[in-house]
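K.L.:
Grabbed the feature section from Swiss-Prot, which reads as follows:
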type	residues	note
DOMAIN	17-163	domain 'N-acetyltransferase 1'
BINDING	Ile89, Val90, Val91	acetyl-CoA 1 binding site
DOMAIN	166-306	domain 'N-acetyltransferase 2'
BINDING	Leu243, Gly244, Val245, Ala250, Ala251, Arg252, Gly253, Leu254, Gly255, Ser256	acetyl-CoA 2 binding site
Amino acid sequence: MSAFPPPPIPAPDASRVARVEPTPDVVRGILELGDRARADDGVAPFNEQTRLLLGTEDGPALLVVQGTDGRPIGAAVAARGDGGIEAEIVVDPARRRRGVGRALLDAVLAEAAGSPVSVWAHGDHPGARALAAATGLDRARELLQLRASVAEARTGLGERPMPAGLALSSFTADDADDWVALNARAFASHPEQGRMTRGDLDDRVAEPWFDPALLLLARDADGRLAGFHWLKVEGGQAEVYVLGVDPDRAARGLGSALLAAGLDLLAARGLDEVDLYVEADNAPALALYRRAAFRDAAVDVQYRRA
């Protein structure tokens, strides 16, 4: 071991942030950077939609700070939508507290050119809170990650039969348009989920983790879709991916019945633990999940500047 300390790493400034094209090598480098951050922080810096859009035509802007070895030490993924810019930022754990995050956030603000900016901080990292405060971004939204034992969650729900007149089936390609329509109704006020298109659904169906048997549909006697429970199992980890109910059938026990049916599927497959994500201000959904013994595991925070 050397008796001499390593030389200090020069603090980058905004001039070192480069807007890069989404070549396969660039996308790979950003994803590997995200993996390093996830291993250190315990949470992924990019959400699923960002990962799906990376490298696509007309995808998000990619802003990168390169290290001396050519690998990115920081990156921002900034997507422009109707409400302005929405971004996610990641910094290599070994290069934090050296100005990389501030340089990237300044570059995102410049990219926005005065339009509203939203930045997600997955895991509510203290560094992200400090950076938001220093740049005038307000805490605008919280997304809770909840976790439960499959057995405890199922016990907590108790007997939850499907409401009369409804029957369960598994997803097929013929169900796609009905699912998109009901998802839009069930999540009409949700800024991301409610905007899912048929193309977005097709992208997820094409993912290696997708299993049609884990997308449960509840239909009435006339074939109308009343609700659904979509489960995701990847790498041995189960997730309540999305659970939706027709607003006309809200508060009638369908959500509880769908959750119970999904948990039964997970138990039959020998899965012990399940996660889910829910908006912190969604009181009805939180009440259901608390009854099912879900507990807080992490929180994602969206900071915003109007």
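Note that Cβ sites are derived from N, Cα and C of the backbone, with glycine treated the same way.
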K.L.:
Between the Cα atoms of Val245 (acetyl-CoA 2 binding site) and Val91 (acetyl-CoA 1 binding site), find the distance and write it as a whole number of Å.
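P.N.:
Between the alpha carbons of Val245 (acetyl-CoA 2 binding site) and Val91 (acetyl-CoA 1 binding site) there are 38 Å.
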K.L.:
At the level of the C-alpha atoms, what whole-angstrom distance separates Gly253 (acetyl-CoA 2 binding site) and Ile89 (acetyl-CoA 1 binding site)?
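P.N.:
Pair distance, Cα basis, whole Å: 40 Å.
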K.L.:
Find, among the binding-site residues listed as Val91, Val245, Ala251, the one whose Cβ has the highest number of other Cβ atoms within 10 Å in the structure shown.
P.N.:
Val91
K.L.:
Validating a neighbour-count step here. Other CB atoms within 10 A of the CB of Gly255 (acetyl-CoA 2 binding site): how many?
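P.N.:
There are 22 such Cβ atoms around Gly255 (acetyl-CoA 2 binding site).
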K.L.:
In three-state terms from DSSP, label Gly253 (acetyl-CoA 2 binding site) for me.
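P.N.:
Once the DSSP labels are grouped into three classes, Gly253 (acetyl-CoA 2 binding site) ends up as coil.
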K.L.:
Going by DSSP, is Val91 (acetyl-CoA 1 binding site) sitting in a helix, a strand, or coil?
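P.N.:
Going by the DSSP assignment, Val91 (acetyl-CoA 1 binding site) falls within a strand, counted as strand.
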K.L.:
Express the distance between the Cα positions of Leu243 (acetyl-CoA 2 binding site) and Val90 (acetyl-CoA 1 binding site) as a whole number of Å.
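P.N.:
Checking the Cα atoms of Leu243 (acetyl-CoA 2 binding site) and Val90 (acetyl-CoA 1 binding site) gives a distance of 29 Å.
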K.L.:
So how many of the residues in the domain 'N-acetyltransferase 2' (166-306) end up helix, strand or coil by DSSP?
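P.N.:
DSSP classes over the domain 'N-acetyltransferase 2' (166-306) add up to 55 helix, 48 strand, 38 coil.
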K.L.:
Measure from the CA atom of Ala251 (acetyl-CoA 2 binding site) to the CA atom of Ile89 (acetyl-CoA 1 binding site) and give the result in Å, rounded to a whole number.
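P.N.:
Counting only the Cα atoms, the answer is 38 Å.
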